[in-house]
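A.B. asks: What TrEMBL records for A:136-199, A:200-256 is domain 'CBS'. Sequence annotations record features per position, and here TrEMBL assigns transmembrane segment to A:284-304, A:316-337, A:358-378, A:384-410, A:422-445.
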2 protein chains.
Amino acid sequence: MQKATLFATLEQAVVAGDKQAARATLEIAHAADIAQAIHEFTAEQAVRFMSLLSLPDHANLFGYLEPNAQAEIARVMTRNDLAALFSQMEADERADLFNRLSKEDQHALLPGLAQAEREDVRRLASYPEETAGALMTSDYATLRGHWEVRKALKRLRLEAPDKETIYQTYVIDGDRHLIGTVSLRELILANPDRLIEDLMRTEVVSAKVDDDQEEVTKKIRHYDLLALPVMDSEQRLVGIVTYDDAMDAAVEEATEDAQKSASVAKLDAPMNQVSGWELYRKRVFWLVLLVFGSLLSGAGIAYFEDTIAKYVALVFFMPLLVGSGGNAGSQSAALMVRALATGEVAMKDWAKVLGRECMVAGALGITMAVAVFALGLFRGGFEIAIVVALAMISVVVAGSLIGLCLPFILSRVKLDPATASGPLVTTIVDATGVLIYFGFATFILGL
Amino acid sequence: MQKATLFATLEQAVVAGDKQAARATLEIAHAADIAQAIHEFTAEQAVRFMSLLSLPDHANLFGYLEPNAQAEIARVMTRNDLAALFSQMEADERADLFNRLSKEDQHALLPGLAQAEREDVRRLASYPEETAGALMTSDYATLRGHWEVRKALKRLRLEAPDKETIYQTYVIDGDRHLIGTVSLRELILANPDRLIEDLMRTEVVSAKVDDDQEEVTKKIRHYDLLALPVMDSEQRLVGIVTYDDAMDAAVEEATEDAQKSASVAKLDAPMNQVSGWELYRKRVFWLVLLVFGSLLSGAGIAYFEDTIAKYVALVFFMPLLVGSGGNAGSQSAALMVRALATGEVAMKDWAKVLGRECMVAGALGITMAVAVFALGLFRGGFEIAIVVALAMISVVVAGSLIGLCLPFILSRVKLDPATASGPLVTTIVDATGVLIYFGFATFILGL
């Protein structure tokens, strides 16, 4: 269905307060698409539309809305309606929403929830952002080892409507220690009389509750999991992270890295939703900070003012040399940041990677030097050509090595390697390049 | 189990030719981890280890190996063994491997396969890389609308061992047109007497076989799917893309974009496996190309040589101004490239985004100008300060707009917006910056 048509249909249903029309839209469009259309509504319109739906449909649709939109809509709902919605939402989404409410709304909401739900929300909402705990849900299915397959299947059938997944189940002992996993595929293929403990896989991959979400997504990808169980410090099962949330987290991490790689601080919302003011705030810090880096280049130039005054032709080659160094450095930095993020390269590989980089950078430098030597001959004569060629090799090698090492160093001191962004590397390499270039010039031209 | 211990255990089994020991490793370690250890083996050692396993275990383990390692190992296997392995592998992985074999090996292999397998391999291997067709598998479960739930479950139980997933099933008519989908969760909750056509969802999300893999991963994320059905031009179901392959594709796309954003061409293998020679090739093209861009900056400087000779102090501020413009441009470009890649911003939003960017860039420029005006006063006097401040505003605004528009323009002419990389933007903005700066200087200082 066309987006515009869908929007018009929804709007009509809201204006008419037509329950039947509102519910019919769920038959002809996917909830994810209806959610997208609702993003164009005001919060009041959205509440009015969703009040026309059954509570389970309302909760399902609500789960597809952007977190910011959820919070905005929750703010204009009555407390009773919000409490009812809360009890129907998936545990992880509910906790995320709770964290976006004001302290006042949080306190007003909690008494309206059942005891178990209240505790579940409090617990899930308590984990720091971007950890396994913040990503996990408590809606998972558990089995016991002494059950027969028949009993397990019966239980799953009963619990299915409330669980985020029943395709992967977790076998626990009396203390909630995870002792194995069984997939629904294995269950329906097994003899109904078999015991779960004879069927389950005991080699279990899991995460700790305070693991970084990057670790979680790497594990889910590496082992091709539907869901990853999460344990507390006493090795008890406290939740699972499902593949779809892990996929969203992986894309988010990549976006964050892409922004950092251009010296932009992490945005709190998707690009189309952030305000100009937020964009300004997220960009100005690094831009101003990098001014101080550029001052080094300026100071370098000032230091060699005499050289420049004598051979103004040297200035012609400056953007070329300094720029090439910065470009080579950006390349190395981006390759390394991404390789560290995906786990393709680990900290312990640095010596091997550095060795290869020296060779590659040397080869790149020589290639560039050959090109630039001809140009130097043409514009400044033999001596200038020599200066420019030698400077080019040195600047490209220096730039590449700076770009390669910076992410490693940052990672070593527990900073995010992605901070070794293109602009940061370029600024550092620029200053280095100026010193190398005019240093060579002063030395070779005998100034 | 520790990686080093696992490696030693595997090596021992290979040396001793001990089947029992080899098979026991599968009990204590995940196949994904064994595969990782096998990457350290020579191809011959790997073949020897895998020959100790049962064929299904062999095929499963083989599926976790890196594509390059798979091809290397396939090359040293006997044709019979390779054909046997092929018939056990998952359909999508098999087709990928087939595409990595030499033409000669491909021809030698095909006669060893059963007719249906041969056609399946040929068909799946025929789709261009990075399309839905190349990503999909033919191991999916289909149901018919007139079946009862009971019959459907019985069929799924029979087919389960050969299908990549049975959790999502596809309902087709006699011409293989997709008429609906049913999840296993819905099947086991349903009354066994119900007809599939009464149970299925008819609002089906699907991809076309030649859709870009980026579209596929976006759909799987947007609709939280376990698998996305793929159709041919006649709307017949020809395959499905599962979430785990989509997740790998999403991470790959992000890596490719991160590399492109630093002017590195797409690498054919993970960072830790590419040779120095490949790295050189993938980097040298852009580095050399950007030299021509830098020449523009050089030419700009040469044009203003008289101005520079009179006020050498101007050169001190050049890296600062030009660098700030480049940095602001890199920020805009990175934000825009990523927003286009994730679908947060679409082509039609460009006017809105441009308006916001003008305001943000203006504010950034003024902030930077204030900082740099003080510096100008200190080092060059009032007139220089005015020149530097005005140039800073113009350069930052120009840089930001260039960074913002370039990805849009590239996308418009059907090029990958990610090519609007930091180094490319920086190089263009540098030349623009030189012209703006010395242009202002010449005008204001009345040279």
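Keep in mind that glycine also has a Cβ here, set from the backbone N, Cα and C atoms.
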A.B. asks: With pairs closer than 6 in sequence left out, are the transmembrane segment (A:384-410) and the transmembrane segment (A:284-304) joined by 3 or more CB pairs under 8 Å?
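C.D. replies: No, the stretches stay apart by this measure.
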A.B. asks: Which residues of the same chain, at least 6 past either end of the transmembrane segment (A:384-410), have a Cβ under 8 Å from a Cβ in it?
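C.D. replies: For the transmembrane segment (A:384-410), the sequence-distant neighbours (Cβ-Cβ under 8 Å, at least 6 residues beyond its ends) are 311, 313-314, 317, 321-322, 324-334, 336-337, 340, 347, 350, 353-354, 357-358, 360-362, 364-366, 368-370, 372-377, 416-420, 424-425, 428-429, 432-433, 436-437, 440-441, 444-445.
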A.B. asks: According to DSSP, how is the domain 'CBS' (A:200-256) divided among helix, strand and coil residues?
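C.D. replies: Each residue of the domain 'CBS' (A:200-256) counted once, the result is 24 helix, 16 strand, 17 coil.
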A.B. asks: How many helix, strand and coil residues does the domain 'CBS' (A:136-199) contain under DSSP?
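C.D. replies: Summed by class, the stretch gives 24 helix, 23 strand, 17 coil.
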A.B. asks: Mean pLDDT across the domain 'CBS' (A:200-256), rounded to an integer, is what?
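C.D. replies: Overall, the domain 'CBS' (A:200-256) comes to a mean pLDDT of 93.
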